[in-house]
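Participant: Sharing a structure below in structure tokens format, with a few things to ask.
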């Protein structure tokens, strides 16, 4: 999965997919009442990027739905996965469950079209703080209460705080999650980070008794870092330059080892070599 980083304006969806991304990451900010409000990152953000692009969250969802609904004039068949980077740092811990409920209602209405031929992309809810694990239960309970438990097949989870893997597993157990787990590791492109935790996550994924289904690394903008990440066995790389990742995947060392994921590749099933 080539994951376009910080896609917060509707026009950027096409821009990143046309550069080679089959997945995007979108920031979600919340208001004081735990309502998802804007797709907005803010300052500071990655070096070389504008931090200030934004849409109203519901408008973005409608644009995303158009881009991921077969038959729509704006349909992009390659776009199969969306990571919502939930900026829950602005919320009190006791608002996490409420944020999950509201997120579920927004997605159900504006993205899934109340279960009636909505967008088809898989969704990953990425949460920066392990203490906000109740967001997951708020989300899953709400979809069930609204009569659409089947949509949970399209939803996965990620804790993005670079916490110890054991602590992440404990948070998932508390949230009642036993699958659909992506594990992120990384740092802004302005700084360097080693791959030791990525390798730990990959080992957990491949152990057969681990908790992790997929591993992605962020933010990867350079060819050398891309090669290191692919060599470490990641499933996804998040990038500001999807074309760079696509170029590396076409190099002789990789073109027979890795390929771009398609809609038929489940993002929840660990890939067996």
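Quick reminder: no glycine exception, Cβ is built from N, Cα and C everywhere.
This is the feature table in Swiss-Prot:
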type     : residues   : note
ACT_SITE : 5          : active site
BINDING  : 25, 27, 85 : Mg(2+) binding site
ACT_SITE : 41         : active site, nucleophile
DISULFID : 45-51      : disulfide bond
DISULFID : 47-190     : disulfide bond
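For the listed features, I'd like the structural context: burial, neighbours, distances.
Facilitator: Neighbour count (other Cβ atoms within 10 Å of the Cβ, all protein chains): 29 for residue 5 (active site).
Taken residue by residue with DSSP, residue 25 (Mg(2+) binding site) is part of a strand. Within the same chain, residues at least 6 positions away in sequence whose Cβ sits under 8 Å from that of residue 25 (Mg(2+) binding site) are 3, 4, 5, 6, 7, 82, 83, 84, 85, 126, 218, 238.
Secondary structure from DSSP puts residue 41 (active site, nucleophile) in coil.
DSSP assigns residue 51 (disulfide bond) to coil in the three-state reduction, placing it in neither a helix nor a strand. Sequence-distant neighbours of residue 51 (disulfide bond) (same chain, 6+ residues apart, CB-CB distance under 8 A): 6, 41, 42, 43, 44, 45.
Under the three-state DSSP scheme, residue 190 (disulfide bond) falls in the coil class. Sequence-distant neighbours of residue 190 (disulfide bond) (same chain, 6+ apart, CB under 8 A from its CB) are 46, 47.
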Participant: A 10 Å Cβ contact count, applied to the disulfide-bonded residues 45, 47: which residue has the minimum?
Facilitator: 47
Participant: Centre the Cβ atoms of 25, 27, 85, go out 8 Å, and tell me which other residues of that chain have a Cβ in range of the Mg(2+) site.
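Facilitator: Once 25, 27, 85 are set aside, the remaining close residues are 5, 6, 7, 8, 26, 28, 41, 83, 84, 87, 126.
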